[in-house]
Amino acid sequence: DEILRSLAGPPSPPGLAPPGWRGPVDCVRANELCAGEPSCSSRYRTLRQCLAGRDRNTMLANKECQAALEVLQESALYHCRCKRGMKKELQCLQIYWSIHLGLTEGEEFYEASPYEPVTSRLSDIFRLASIFSGMDPAATSRSNHCLDAAKACNLNDNCKRLRSGYISTCSRELSATEPCSRRKCHKALRQFFDRVPGEFTFRLLFCSCKDRACAERRRQTIVPSCSYEDKDKPNCLDLRGACRADHLCRSRLADFHTNCQATFQFLTACPGDNFQACLGSYAGLIGFDITPNYVDASTTSITISPWCSCKGSGNMEEECEKFLRDFTENPCLRNAIQAFGNGTDVHPAPRNPNAAVTVPPRAEKSPVLPDDVDDSNTAYDTSAIGTCTSPQEQGLKPNKSKEQSLCYSEAQLTTEVMPEQKTFTDPKAGSRRQRQSRVLLLIPVLI
């Protein structure tokens with residue numbers, strides 16, 4: 001104890017926690033404060049040397065390392081945090097993990113978020129986005145909210161520019177064997193979600209849908225053929241390991257677990273009942289190999305997953321399944337998405353546990369839906385997302401656009417929306433069948 005006290009030096013030097021210290025400063029500033037104080041800077045150098053090439057137990061067994069850790073644990077440097085999207089975000093995160101990386105490695109399933117807590121609520125985003133303001137309830141129920149979100153983005157110069165940028169990058173085919181540059185696609189997506197306000201990005205990602213064409217537009221938001229899907233699904237723990245090898249991806253994943261980890265101490269199953277924090281953390285994962293997305297275009301069940309499986313996990317299968325369930329069976333994440341789509345962060349929509357998930361046939365590559373076509377009244381089919389293969393056989397007339405062709409019947413169509421499907425009926429055909437039945441009934445009488 002005497003050795004530790006002598007190594008610790010005088011209490012609270014300038015680089016450590018100052019009197020009246022209340023909360024975290026950003027790690028870049030904390031590093032500057034520590035560098036200006038010899039006692040703090042020397043302990044920081046010692047700790048970094050201790051963490052290099054040593055596991056946690058070996059480090060803690062060394063008295064000099066332990067002394068440096070105990071001093072720094074009382075410092076602003078140890079308690080520093082970073083702001084999402086700050087100018088020196090990567091540098092800030094590197095400083096944070098230079099201290100924390102070896103302290104919980106292999107010890108904790110979840111890691112604490114290096115970002116400052118989110119204090120804003122979903123209502124703030126709703127107020128800025130004005131999703132339902134001034135809209136007739138009947139019109140709202142028929143509206144394609146995902147199409148409305150795309151149109152709203154196009155009215156904002158910054159949103160339109162960055163969205164067009166990532167769509168172009170993620171849709172650009174390099175060769176017959178390489179459909180796109182996944183690395184450039186991810187970078188463009190990260191720029192979009194980091195630089196565009198949530199009132200636009202949240203509406204694109206979490207818009208509510210009542211039909212499968214709308215849900216497919218939502219699934220295609222991030223151009224999954226490039227940013228999400230791949231030939232084979234890697235093991236989820238391998239994907240997590242690769243993410244943790246990168247400071248930025250590691251930070252986003254830790255932030256997701258901090259803000260979306262299901263807890264039943266709160267009504268909404270989210271920590272602090274804060275949907276805003278969970279949705280922001282989810283959006284922060286997009287643009288990495290661990291990018292999550294909707295697994296299908298179902299309108300009755302929201303299922304989110306990274307592109308991975310637990311096949312081949314061996315004796316780590318239980319841990320792998322637990323990691324995957326944080327996405328696929330996460331009531332906090334599901335409630336947050338449903339709440340945003342419903343326009344409220346107070347009463348999350350209950351989940352129907354018996355609802356069946358119908359997986360639509362997957363097209364080889366589905367181009368991004370154009371923003372000038374209202375797909376809410378189009379029956380969802382992978383052929384409708386691509387080019388009509390045989391219009392003459394189907395009696396369909398192609399409606400050409402720059403990005404794709406959507407097919408419509410030549411006859412006047414009316415839409416009947418059912419919970420699980422959408423069908424089109426031809427009123428003229430119905431009247432013809434009625435006339436035919438009357439003729440058949442008159443034949444016996446005439447005979």
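Just so it is clear, glycine is given a Cβ too, placed from its N, Cα and C backbone atoms.
Worth saying up front: this structure is predicted, and the values here are computed from it rather than measured.
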Correct disulfide partner for CYS320 among CYS310, CYS332, by TrEMBL, is CYS310
Across all protein chains shown, the one of the disulfide-bonded residues CYS34, CYS207 with the most other Cβ atoms within 10 Å of its Cβ is CYS34
CYS332 (disulfide bond) sits from CYS260 (disulfide bond) (Cα to Cα, rounded, in Å) at a distance of 6
Whole-number Å distance separating the Cα atoms of CYS270 (disulfide bond) and CYS278 (disulfide bond) is 8
Looking only at the recorded positions CYS40, CYS146, CYS209, ASN342, CYS180 (disulfide bond) has its closest CA neighbour at CYS146
